[in-house]
Amino acid sequence: MSLTRRPPKSPPQRPPRISGVVRLRLDIAYDGTDFAGWAAQVGQRTVAGDLDAALTTIFRTPVRLRAAGRTDAGVHASGQVAHVDVPADALPNAYPRAGHVGDPEFLPLLRRLGRFLPADVRILDITRAPAGFDARFSALRRHYVYRLSTAPYGVEPQQARYITAWPRELDLDAMTAASRDLMGLHDFAAFCRHREGATTIRDLQRLDWSRAGTLVTAHVTADAFCWSMVRSLVGALLAVGEHRRATTWCRELLTATGRSSDFAVAPAHGLTLIQVDYPPDDQLASRNLVTRDVRSG
């Protein structure tokens, strides 16, 4: 009986390495009360810090988010948008693929991230970003709302994190008239904290006021906002609404070349970023280039 030698076993084959980077778009909401703003800061809890940490854990490689709006400490968001670049070979093992036919591609990842994130920040949706997409520089406009209550008792406890107590009468007609003077393309230096190398020229596209009982709401939209601009606009207009300033005063502020100290900035917790608009996919790249040129000008 002859013995035949079995051929040696082939060494196990490693899966092929997937080259390149995948850009993901993330739609995000957060309660800004306990955050020191969006941007990562050493020794401070921030929205970007919590999200970066969760994504880095899941993808097992350092990643960093870029957001459409870098909100200040205490400011909330229900419609923040960010993007993150992930190595393509980090995606396959980041989350289970089991799911139902027709489910969105990243639904399992969305569910897994929900277990890694604290209750005051949520990723609402994840999609593959189209070519040319940049969460910050491709954006056409940002929409904010500012809410305050003129009730004599302040704000009901369930809403106190999101509405500013303002138990004084406000003349919304005067505020609306003053707001009209601020519309359009202007240098808003009087309403912006100085940031080295940053322009303060902005296109203010909407600034209007409405009242429902004791709830007063401002809707504010612009191509972009400089640091603290929305709360400064609200603070100045509140001075007009209380008749401490004339309706023409805000127009005069537009002639200033630096930040004004003639009004108080409205409290952060009344402000929420609710939406970011983008152009059609085939215009994303060109919008990106135009915005970079304007912001560096």
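Glycine is treated like the rest: Cβ placed from N, Cα and C.
DSSP assigns ASP72 (active site, nucleophile) to coil in the three-state reduction, placing it in neither a helix nor a strand. Residues or ranges marked as active site, nucleophile in Swiss-Prot: ASP72.
When other Cβ atoms within 10 Å of the Cβ of TYR144 (substrate binding site) are tallied across all protein chains shown, the result is 27. Taken from Swiss-Prot, the feature substrate binding site applies to TYR144, supported by sequence analysis.
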Spatial neighbours, same chain, of ASP72 (active site, nucleophile) - Cβ under 8 Å, 6+ residues apart: GLY37, TRP227, SER228, ARG231, ALA268
